[in-house]
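**Student:** Here it is, the structure, as structure tokens.
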Amino acid sequence: MEDSLPVLTNCDCVVQENMIQNSEEMIENGLRRFGWSGMVQCILVSTAMYFDAQQSFMAIYSDEYPTWHCADPTTCTSHSDICKLPKSSWAWDGPSTKTVISQFGLECAGSFITGLPQSSFFLGCLLGSFLLATLADTSLGRKNLLLLSCFFMSLASAIIVFSTNVWTYSAFKFLIGFWRSSIGTCVLVLLTEKVSTEWRFTVGIVEYLCFTLGYMTLPGIAYLNRNSSWKSLYLWTSVPAICYSVIAYLFVTESPRWLLMQGREQEAMAMLTGISNSSVENGPNLTAGLLKVPGVKQKSIFKLYSSIAELFERSWARKRVVAIMVLGLGIGMVYLGIPLAVGNLGFDIYLAVVLNAFMEIPSCVATYFLENCRRKPSILAFSVASGICCILCAVVSTGLKVAKVGISLVAFFSAVTAYNVFLIYVIELFPTRVRNTTTSLVRQAVVFGNIFIPFLISAGRNNKIYSYGVFGVVIMSSCLSLVCLPETIGIALSDTMEQQEKKEDIPA
């Protein structure tokens with residue numbers, strides 16, 4: 001019985017290692033063909049981030065507390081408590097349907113009720129990240145999950161206009177958050193797996209620019225609809241997203257690395273060699289040396305959620321996931337918290353969002369020039385800078401409004417840059433087999449921290465320590481997790497856990 005078992009000699013192991021190395025070189029060489037068609041694919045995939053950004057920051061306008069004026073000067077003044085005045089003595093500035101606060105009569109509701117829609121959005125993101133995370137690594141793939149998520153997110157955003165109270169509105173916000181939870185992860189993973197190592201940072205910048213463009217256009221759309229119902233804002237952003245989802249489904253291609261791991265060699269080789277699938281089938285078997293590698297597991301369809309089990313069965317991977325999730329929680333809280341807290345600065349809400357959005361542009365430029373810099377020091381430097389500025393923003397006198405806005409912009413710029421490098425860092429830390437799962441787990445940690453943001457912002461209206469102060473402490477504290485993580489600059493992406501262990505000399 002024992003004689004029938006195959007035995008790997010030292011020579012066999014050397015051959016196996018050489019085959020794995022040749023396999024990686026063939027993939028890298030195939031992915032280096034990044035021409036106009038590659039750029040079109042990059043832009044098509046990244047456009048999903050444009051619509052994702054709009055849904056992420058929609059609450060700044062749809063859920064804002066609108067201004068009001070006295071209709072009867074004899075019974076009220078501009079400093080009166082609106083909740084203690086008769087309804088006939090005051091009126092909203094603009095239509096009563098301008099925001100959900102005014103339409104649903106929430107002007108005197110507590111912070112829990114007014115923050116419920118946005119918290120429901122983040123709860124949806126958290127649940128969606130957990131349930132949808134491994135589908136991109138297993139049965140659905142990167143492309144299908146991305147476009148299905150974008151389509152259903154946009155559909156829920158369009159249907160939300162039929163909400164009749166804050167409860168149904170919050171339910172739809174939950175659905176929007178649920179479906180948009182996997183968009184950022186799928187875009188980043190799909191982009192980086194469709195190009196070689198030298199193009200990885202460049203395509204990441206395209207994703208960030210599309211997200212920035214969506215963020216920047218939102219205040220313009222909101223301003224044009226400032227005298228209309230909040231429902232107009234949702235329609236103006238959801239209908240184009242639905243059209244995009246259909247068009248992208250027809251033209252976006254799948255990740256060749258994912259196809260290889262699924263055992264769909266012919267499709268993957270057609271993409272890597274730039275020839276038709278039929279030519280690959282009729283020609284020589286180019287995949288023989290690429291995929292039939294001893295020691296590399298191959299399954300056409302993985303067992304659902306098997307990537308999570310494979311990830312957590314190794315101690316080094318467990319420690320790495322926990323550390324990167326802690327880091328993501330801190331950076332993500334400031335990254336999304338500062339834009340949502342702009343109303344606490346007492347500044348014009350349209351101009352404030354535009355200024356924050358413009359900070360994304362120099363951040364993208366900074367991220368590009370950080371391509372050849374070590375990841376860990378880059379994340380640490382910008383995170384600490386953001387934390388210090390957040391604390392300064394909390395303690396600076398309210399009368400110094402311009403200085404306060406300037407400090408918050410520096411804090412946001414630093415947080416965005418740290419977040420951009422952080423996302424690339426996450427991609428480089430794990431192999432293809434579990435990359436989408438780990439990226440989704442990290443985003444779950446980010447979203448978990450975001451759930452508390454609406455309540456911190458509400459408490460911060462009276463005392464900035466509860467918003468900006470907490471932001472600063474959290475992001476700086478999270479950087480302690482960098483001690484447990486390795487440096488990844490210049491390391492080519494791996495496909496399996498075994499390859500990752502081999503490259504980093506990790507004990508099996």
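Every residue gets a Cβ built from N, Cα and C, even glycine.
Pasting the feature list from TrEMBL:
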| type | residues | note |
| --- | --- | --- |
| DOMAIN | 42-496 | domain 'Major facilitator superfamily (MFS) profile' |
| TRANSMEM | 121-138 | transmembrane segment |
| TRANSMEM | 145-164 | transmembrane segment |
| TRANSMEM | 170-191 | transmembrane segment |
| TRANSMEM | 203-221 | transmembrane segment |
| TRANSMEM | 233-252 | transmembrane segment |
| TRANSMEM | 321-343 | transmembrane segment |
| TRANSMEM | 349-370 | transmembrane segment |
| TRANSMEM | 379-400 | transmembrane segment |
| TRANSMEM | 406-429 | transmembrane segment |
| TRANSMEM | 441-459 | transmembrane segment |
| TRANSMEM | 465-493 | transmembrane segment |
**Student:** Hey, which of 203-221, 349-370, 379-400, 465-493 has the most Cβ-Cβ pairs under 8 Å against the transmembrane segment (321-343)?
**Tutor:** 465-493
**Student:** Which one of these stretches, 121-138, 203-221, 233-252, 349-370, 441-459, has the most C-beta pairs shorter than 8 Å to the transmembrane segment (406-429)?
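**Tutor:** By Cβ pairs under 8 Å, 349-370 leads among 121-138, 203-221, 233-252, 349-370, 441-459.
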**Student:** Give me the stretch from 170-191, 379-400, 441-459, 465-493 with the greatest number of Cβ pairs under 8 Å to the transmembrane segment (121-138).
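**Tutor:** Between the candidates 170-191, 379-400, 441-459, 465-493, the best contact partner of the transmembrane segment (121-138) is 170-191.
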**Student:** Rank 145-164, 203-221, 379-400, 441-459 by Cβ pairs under 8 Å to the transmembrane segment (465-493) and hand me the top one.
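**Tutor:** Of the candidates 145-164, 203-221, 379-400, 441-459, 379-400 scores highest.
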**Student:** Which value does the mean pLDDT take for the domain 'Major facilitator superfamily (MFS) profile' (42-496) in this predicted structure?
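**Tutor:** The average pLDDT of the model in the domain 'Major facilitator superfamily (MFS) profile' (42-496) works out to 82.
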